[in-house]
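Novice: I have a structure I would like to understand better, so I am pasting it below and will then ask my questions one at a time.
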Amino acid sequence: MVSHKAKLAASVLAATLAATSVSASEVNLYSARHYDSDQAIYNAFTEETGIKVNLIEGKSDALIQRIKREGVASPADILITVDAGNLWRADQEGIFQPVDSETLNSRLPDTLRHPEGHWFGFSQRLRVIYYDRSDFDPAQISQYEDLAKPEFEGEICIRSSSNIYNQSLLASMVEHHGEEAAQEWAQGVLDNMARDPQGGDTDQIRAVAAGECNLAVGNHYYYARLLNSDDVADREVAREVGIIFPNQDGRGVHANIGGAGVVATAPNKDNAVRFLEFLASDTAQQIFAESNHEYPAVEGVLKNPVLDSWGNLNIDDVNVSVLGTNNPEAVKIFDRVGWR
């Protein structure tokens, strides 16, 4: 006859195995990427591996603080966000653990990943210059540095200094030119603004089309979305605005990333690593390009007609981790010059 203790032990074992089984078939993502197209990546991962993706979305800083509050009990396996500056902030808070994956190390350029494997970049986002096709000669400007020239006074639309994309662009200027020159550039751009900083990247493009400014700064994929929009008015905006990829004769256009890392307390680490490796697969890389017009991180993956039409670009090959380490100085520079 089986004793009560034996039955209890068997029940506990069964429950443990059941919990392990459930855990073994799931991965929990905390994502600051708010793109419907990412769901296609999650679906493809589940179809290939059988691992269910549980998704929680929020702003990057809010997700970082949530993981910290949850502590060792956090269900988060992976934090996904945009911009190396945000990944750096998360790493500074101890959110990530190092991952040593031959797949990730071989497929992703070392310039797009943390030197010690704390996070990895899976898509590239280029910060470009937009111009009014009807009122501006693009031959006048070829590099970011030109935006600070006095002849462009009153011609530039750009976002607030609180925007991480602008912080990382300035962080790259710090890296390439030093703090003093970066501050002079920020002051010059501020002096050339056509209006107070406002709106998102798409708003800057619309402002150029509306004649509010001749020049604007934004990420490339916002323009690609307008070009491919189902809305005729959006496509008309894109037709009135041209795109410049700066510094093609020098260091190359500034690139940032969409990236992710395994959370330090991840309950499903193996599944989390498999998910990161899937993000580096041709399947996921193609979805990044086709669905959201981001440049693949993996060399040789097909892009899409819009990206292909822009040709082979010279992209700044500085390790994007410096965009994080230089972020505090970039923020201080913005404050010193009064760029709000």
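Cβ coordinates come from backbone N, Cα and C, glycine included.
Just so you know, TrEMBL annotations never went through curation; they're auto-generated.
As listed in TrEMBL for this protein:
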BINDING   His34, Tyr221, Tyr222  Fe cation binding site
SIGNAL    1-24  signal peptide
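I'd like these features described in context: how deep, what's nearby, how far apart.
Specialist: Long-range Cβ neighbours of Tyr221 (Fe cation binding site) (same chain, at least 6 residues apart, Cβ-Cβ under 8 Å): Arg125, Asn292, His293, Glu294.
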Novice: So if I measure Cβ to Cβ from His34 (Fe cation binding site) and keep only same-chain residues at least 6 apart in sequence, which ones fall under 8 Å?
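Specialist: Listed in sequence order, they are Glu57.
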Novice: Please classify the secondary structure at Tyr222 (Fe cation binding site) using three-state DSSP.
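Specialist: Where Tyr222 (Fe cation binding site) sits, the three-state DSSP reduction gives helix.
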Novice: Give the sequence-ordered set of same-chain residues, not counting His34, Tyr221, Tyr222, with Cβ within 8 Å of the centre of the Cβ atoms defining the Fe cation site.
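Specialist: Nearby residues not in the site list: Tyr35, Asp201, Thr202, Asn219, Arg225, Asn292.
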Novice: Quick one: give me the count of other CB atoms within 10 A of the CB of Tyr222 (Fe cation binding site).
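Specialist: Looking across every protein chain shown, the total is 20.
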